[in-house]
Each structure stands twice: as C-alpha cells, then as structure tokens.
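**Student:** Just lifted these from TrEMBL, have a look:
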DOMAIN    6-208  domain 'Phosphoribosyltransferase'
BINDING   79, 104, 131, 132, 133, 134, 135, 136, 137, 138, 139, 200  5-phospho-alpha-D-ribose 1-diphosphate binding site
BINDING   194, 199, 200, 201  uracil binding site
Ligand SMILES: O=P(O)(O)OC[C@H]1O[C@H](OP(=O)(O)OP(=O)(O)O)[C@H](O)[C@@H]1O
Ligand SMILES: O=c1cc[nH]c(=O)[nH]1
Ligand SMILES: [Mg+2]
C-alpha cells in the first residue's frame, strides 16, 4: 500500500484556505497553486539521495553534500496540472517535463485521453505526477497507468485537494505509488466534485468559466 502524506505545514494550510475561497481570482489562484506546489516539492523530495563532495570555501576545504544525480521527471495532467509545474521546476530545474492530456467526461466521470508525451528517458527517472484535484481518482489512475506502460517504475502523485474516494482508488490501482496531498476533504458530491474542495481547478486557473 502506498503512503499518503498529508501536508501539515502552516504555510501550505494557509495558502490552501486562500485557494478555496470563491473570491480568489485567476491571477492569485495561479500564484497560490505555484507556491503550494513548490512547498510540496520540498516535502516530496526529502528522500533524494546525497553524496559527499569537497568544496573550497574562501576559508578552507569543506566536506559537503550534493544531490547524487538521481534523475527526476515531472508529469502534469492537463490542463489543471500545468499550474503546478513551475513551482516544482523552481526547486528541481533539471527535471524533464512530460505531459498527459486527460479530461473527465462530465456524464460518465471516466477519463478521456487526448495527449501523451513523456521524456525519451522516462524509465530512468523518478516521476512526479501532478494534478491539483484527486476526485474519483479515475484521471490519476489512468495517467499513472500510461506512465507505467512506458516502463517507468518509481512514481509519486502530488495533488492539492483529495477526496477519500480518490485516495482509496489510487491505493487500490497503484499500491506502489506514494500520494502527497495538501488537504484531504470530506467527500464527492453527485457531480463528482470534491466537497468542500475549490470548484473546477482548470477553470479557475485559466479563467474559462
Ligand atoms: O479524480 P477524477 O474524478 O478523475 O477528477 C479529477 C480530474 O478532474 C479535473 O480535470 P478536468 O477533467 O476538469 O480537466 P481540466 O484539467 O482540463 O479542467 C482535475 O484536474 C483532474 O484531472
Ligand atoms: O472538485 C473537483 C473535481 C474534479 N475536478 C476539479 O477540478 N474539481
Ligand atoms: Mg476541469
């Protein structure tokens, strides 16, 4: 069973509350999504391997640590996942970025794929899949399956708000994938929206509704 890490950092909690408000406009919404993604990236990269190096300071030689060169990849689920990319890249600028296009059919709530482009060396990388919303879990589960089908072995999923149904589905379909969430909400409503949630993340990011 994958681990579920619920972010309890006060800065994350504060920013998520601002994100939820219906009075937060697209500009501020985009800024908050990027900032929260950056803070979550910090938490989700805690176990990156380090190696010993030697650095010459202006005073003396020092034994120091540096990243051991683990290759990372970031895969946002279009559209809403795009809002989290720059926050991640701020901290791991060497990561390669792939894209998976999925939308959730509003009637069936099933994910429909329309795009997939991953880095050519994706199987050598630890992949962080990004989507602000984990509702039924259908989109995240399908995206992770595409990525596994390309030969990737180590995958983590980062989302801002999750419903218990989505967590359960992901844990069942992909027990090897760790899940990082900024907030775990109560439930889904009859239209598959997270309650209380924040509405439609894609529409709020891009101002389409
Ligand atoms: O867990 P699920 O029930 O699959 O729902 C979550 C999905 O729904 C939203 O995308 P949407 O279909 O609205 O597409 P968009 O990002 O283009 O707005 C969200 O960004 C997730 O991808
Ligand atoms: O609450 C939800 C559920 C799915 N997608 C969203 O953007 N919001
Ligand atoms: Mg949407």
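Yeah, the Cβs are placed from backbone N, Cα and C, and that goes for glycine too.
Fair warning: this is a prediction, and the values are worked out from it, not measured in the lab.
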**Student:** Measuring Cα to Cα, how far is residue 139 (5-phospho-alpha-D-ribose 1-diphosphate binding site) from residue 200 (uracil binding site) in Å?
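**Tutor:** Between the Cα atoms of residue 139 (5-phospho-alpha-D-ribose 1-diphosphate binding site) and residue 200 (uracil binding site), the distance comes to 14 Å.
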**Student:** If I take the Cα of residue 135 (5-phospho-alpha-D-ribose 1-diphosphate binding site) as reference, which of the binding-site residues 194, 199, 200, 201 has the closest Cα?
**Tutor:** 194
**Student:** Is residue 201 (uracil binding site) helix, strand or coil when read with DSSP?
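**Tutor:** DSSP call for residue 201 (uracil binding site): helix.
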**Student:** List those of the binding-site residues 131, 133, 137, 139, 200 whose Cβ lies under 6 Å from any atom of ligand 2, in sequence order, or write none if there are none.
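**Tutor:** Among 131, 133, 137, 139, 200, near ligand 2: 133, 200.
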**Student:** Near ligand 3, meaning Cβ under 6 Å from any of its atoms: which of the binding-site residues 135, 137, 139, 194, 199, 200 fit that description?
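**Tutor:** Result: 200.
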**Student:** Among the binding-site residues 79, 137, 194, 199, name every one whose Cβ is found under 6 angstroms from ligand 1, counting any of its atoms.
**Tutor:** 79, 137
